[in-house]
Every structure is written in C-alpha cells, then in structure tokens.
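Here the structure comes first, spelled out in structure tokens, and everything after it is commentary.
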Amino acid sequence: MKALCKVKSVRFLLIFNCLVWITVNGFGQTMPMAGPYGVHDPVMIKQDSSYYLFCTGQGITCFSTSDLVNWKRLAPVFKTPPLWAVKAVPGYKGHTWAPDICFHNGKYWLLYSVSAFGKNTSCIGLAENITLDLGSKDYKWVDHGKLIQSVPGRDDWNAIDPNMVFDENNHPWVCFGSFWNGIKLVRLKDDLSAIDEPQSWYSLARRPRKSAASDTAAGNGAIEGPFIFKKGAYYYLFVSFDYCCRGINSNYKVMVGRSKSLTGPYIDKSGTPMLEGGGSPVVTGNKRYPGVGHCGVYTFGGNDFIIFHGYDREKNGRPRLLMEELQWDEEGWPIVKSNFR
C-alpha cells in the first residue's frame, strides 16, 4: 500500500540503551520495533496522524497508535458475528481471521476470513467504513457479506488470508490462500462488490503437497498469508512458509518472489518459480522468536516497512507484533538487516 501522504523524512541515528532510533514522519521509534501481544496476522493503515492495526481475533482485533510505540486497543469491528458467516461456516462464533485493510475511492475496505481450522470450509467477507476514527460521527462498519467461498470436495484452494491489490490501471484484485493448492488471485469488479465477469483466476504460488489423500485435506504444502507489494518495475509476492500457531514450536518464515506482471509468474532469487515451491527468505526465526510470519508491507514517510507476528519464547510463545524497516539490495530484492528483538 502507499502512504496517504508524502513528507520529507529526517533521519538520524542515536545510540540509546543499545537500540537504534530512526525518525520517520517526525516521531522517534525503535527499530526493530516490538508492539502489543495478542497480535496474529497483522495489517496496518494510516489515517491522518494515526496508524490502525487489524488482526485475527474475536470480531477482528483492532489497535491504534500515533507513534508506533504506544498502542491502544480499540473495540472490535464486529460486536456480533455476521449472520451470513455463521450460516456458511458451521461452528463459527465470531473468531475472525487474517483481515486486510485498504483505502479506495474515498472509503476504507476491510477483507476478512471465516473458516473451520484445518478445513477449506471458508469464506472471505468484505466490510466498509468512511473513517477509522472511532470518535467520528461517520464511524460505522457496513458489512457486505461473502465475497469468495471455498467448499470441500469442490475447490482445491482455501478462501482465507485475503490481500487486496490494485493493478497498474487501478483495477482491484484479491490474492488469498492457505495450504491446499496454494495462493490464488482473482479480479474483482471495480466497485469491489463481487468477482468480475468473465472471471479471471490465476495460480501464483504453491508448495509440494504430498500427504493429502483428497482435496478435503490440507496436506503438508505449508504456504499461506500472501501479500503483494509494488516496488519499481516489480510486484513482490510475500508469503509465509511452514507452520504457525504452535507457540515456541512454530517455524513460520516469510518468503518472497517477484514478477513484472501482477498475475505472474513469480520467481525467486535463484530463478525457481513460486508455482514450483520457490521462495527466497526475507524474515526467519531467531532464538527469542522461533516462528515469524504472516506479513504486511507498507510505505510510511518514504520508508518501507514489513510487519508480522512472532511467537515470543520469553512469554511462553505468545504472538506479538513485530516491525522492521525493509531495505532493498542492488538487484532490487527485499532484505531485513536488523535482528528483531
């Protein structure tokens, strides 16, 4: 996503308590930056002087901050589970997964996932709001219901982990997927109301899937959490490999490939197509955070950042928001130089 405004950044380095401080948009922050606990599958957007974070949780968990250091937990997006989702996914009681947020045509659009763990009985829903400021009289989430649905035995993909992306002509697409046959991309109507007709579907990435006896089982092709970020001439497809949700036994990691076309093919640094299991590492675990993943990538104040969650060994594996400055090597590949704490 692009920052809502461009301002000149003044950068300086100050050694303080063995941390590096960087000034972005006029405020100081520690880099690497660790945020609140209880954050899983984070996405972020800026409105005016505030940053808003959305993540997996009951009704979709939300936070806000003005400095990326001090966070305030907000009311969830949904006070009660959407009725359509309760009917579509047996057992769903409001715990809503892996949202994505974007600003388009004067409104904020929120994609979200409802699913049954380990099954592709899943849907992607869509809601809109004029503002993210809870103090505004215009603040109100309007749910538009189901956008995409996967059905066991019919579909070899899983309709969760959505990411909204716009092509060079500002046409909207949704990238999504988890396990099964990998990451998919489909074009939406320009008003975001439904899948565009005639339908345009693409497969972007997958991993070898050896253990599934049928399309009703996820198998062991562990890939999910796609996020597409445009930088220069390339679209970069970030995904998460391996396993989340196991506390300190998680081995999640962020991988990437790129393409000059939104629809692919996406290739990693070694030349391996992501449709053949390729992917180059961007963020991998360390001693404190053995599993890190499900990222979002943003430009704030002229600097690129990657946010993700990590399982903190010092807190018995609780998930936590982590944020790093994303840099680029001479060949245009994303790199994270610091070792997040």
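The backbone N, Cα and C atoms fix where each Cβ goes, glycine too.
Copied over from TrEMBL:
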type: TRANSMEM; residues: 12-31; note: transmembrane segment
type: ACT_SITE; residues: Asp41; note: active site, proton acceptor
type: BINDING; residues: Asp41, Gly118, Asn158, Ala159, Ile160, Asp161, Ser178, Phe179, Trp180; note: substrate binding site
type: ACT_SITE; residues: Glu224; note: active site, proton donor
type: SITE; residues: His294; note: site 'Important for substrate recognition'
Identify which of the binding-site residues Asn158, Ser178 has its Cβ surrounded by the largest number of other Cβ atoms within 10 Å, counting every protein chain shown.
Ser178
For Asn158 (substrate binding site), just give me the three-state DSSP call.
coil
Checking your reading of the structure: which of the recorded positions Asp41, Glu224, His294 lie inside a 10 Å Cα sphere centred on Ile160 (substrate binding site)?
Glu224
So if I measure Cβ to Cβ from Glu224 (active site, proton donor) and keep only same-chain residues at least 6 apart in sequence, which ones fall under 8 Å?
Ile160, Asp161, Gly177, Ser178, Phe179, Ile183, Val239, Ser240, His294
Just the number: how many Å between the Cα atoms of Asn158 (substrate binding site) and Asp41 (active site, proton acceptor)?
16
As a whole number of Å, the Cα atom of Asp41 (active site, proton acceptor) is distant from the Cα atom of Trp180 (substrate binding site) by 19
Which whole number of Å gives the largest C-alpha distance between any two of Asp41, Gly118, Asn158, Ala159, Ile160, Asp161, Ser178, Phe179, Trp180, the residues noted as binding substrate?
19
With every protein chain in view, how many other Cβ atoms are within 10 Å of the Cβ of Ile160 (substrate binding site)?
24
Asp41 (active site, proton acceptor) falls, by DSSP collapsed to helix, strand or coil, into coil
